[in-house]
Ligand code: HEC
Ligand code: HEC
């Protein structure tokens, strides 16, 4: 490659001396604005290295800390602490408000519903399904069919103390095991099951259902009601509404009568704080079935 610096006759500018197939390169200086911007970025970078954490310390490990002592982690910690403090105010307000007051105050209500949704997903959805959609043996909480009651206070009591657990305050009732304990024989269980199914229009054997009605009145009505409408004091489900906790097929109903069920829910008093239990109460109440 020739290095023959000459003056370009057309532009009167010196060339770099390089030539490719007769094409020469003019030696124009870079534009001033570009050079100044370039110098400015260098100065800015040096300033940044001095002020902020910048260079890995290859000898001693760690990194240069910068004279400002800025730490991103600290900044986030402060932001989280500030949010916590904001929330603490709301938690205190909720803890000292009645359930009705929470329902009546737009700020408290939206805070409680948001917090309740999270607490429900963390603590309750494993049994009751996402959003309270229910599972076999674990009641749906989005409908207005209640075993123990759907008013705010009822729901709060259920959450605080649970159902059929070892706590003395827990809601409690126990259906007899009619088959296993020999209270009714196979035919009687078949008949009363037919009667139960007929209450929601699923009976297939009228004669059996007729015989079953007598058994029902004698053995079941005390808990499930004269017409199978259920009884909340005992958590005895409505048997006439075609909503089933344990399944509404003939086989499932026979199984419920033969062995009885014993659904257990833990209590949350002492495990969740006051504010969280109230948030859950308001959230469950608002799922659609609140009374
Ligand atoms: C270990 C499983 C389990 C967990 C966890 C659980 N529950 Fe329950 N829950 C049950 C069972 C079982 C029943 C029904 C018991 C029965 O047959 O009466 C029930 C009943 C209820 C009822 C009464 C429904 C009615 O119709 O009256 C409410 C309200 C309720 N749960 C809310 C919650 C909330 C809120 C949480 C979370 C803090 C929760 N549950 C966590 C098992 C659970
Ligand atoms: C001492 C009260 C009591 C008596 C008596 C009783 N039950 Fe029950 N029954 C309950 C309770 C409480 C439940 C809910 C149990 C649970 O959730 O673990 C229940 C549940 C059921 C279920 C399951 C309902 C569902 O939604 O899956 C059926 C079916 C049933 N009972 C039928 C009967 C029949 C039939 C009789 C009479 C032969 C009877 N029960 C007598 C209290 C009673």
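Start at 1 and count along the chain as shown; that gives each residue its number.
Quick reminder: no glycine exception, Cβ is built from N, Cα and C everywhere.
According to TrEMBL, the protein has these features:
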- 33-55: transmembrane segment (TRANSMEM)
- 111-200: domain 'Cytochrome c' (DOMAIN)
- 124, 127, 128, 265: heme c 1 binding site (BINDING)
- 175, 220, 223, 224: heme c 2 binding site (BINDING)
- 207-288: domain 'Cytochrome c' (DOMAIN)
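Across the structure, residue 128 (heme c 1 binding site) and residue 175 (heme c 2 binding site) place their CA atoms 22 angstrom apart. Secondary structure of the domain 'Cytochrome c' (111-200) per DSSP (helix as H, G, I; strand as E, B; remaining residues coil): 44 helix, 4 strand, 42 coil. Shown are the binding-site residues 175, 220; the one with the most C-beta atoms within 10 angstroms of its own C-beta is 220. Counting residue by residue with DSSP, the domain 'Cytochrome c' (207-288) contains 43 helix, 5 strand, 34 coil. Per the record's binding annotation for heme c 1, residues 124, 127, 128, 265 show a top Cα-Cα distance of 10 Å. For the recorded heme c 2 site, residues 175, 220, 223, 224 set the reference point as the centre of their Cβ atoms, and the other residues of that chain within 8 Å of it by Cβ are 219, 221, 222, 231, 234, 236, 239. In the vicinity of ligand 1, defined as a Cβ distance under 6 Å, the following of the binding-site residues 124, 127, 220, 224, 265 are placed: 124, 127, 265. On its own chain, residue 127 (heme c 1 binding site) has 135, 138, 265 as residues at least 6 apart in sequence with a Cβ closer than 8 Å to its own Cβ. Only 220, 223, in sequence order, out of the binding-site residues 127, 220, 223 have a CB under 6 Å from ligand 2. What surrounds the heme c 1 site, by Cβ distance within 8 Å of the Cβ centroid and not counting 124, 127, 128, 265, is the set 123, 125, 126, 138 from the same chain. Taking CA atoms as the reference points, residue 223 (heme c 2 binding site) and residue 124 (heme c 1 binding site) are 27 Å apart.
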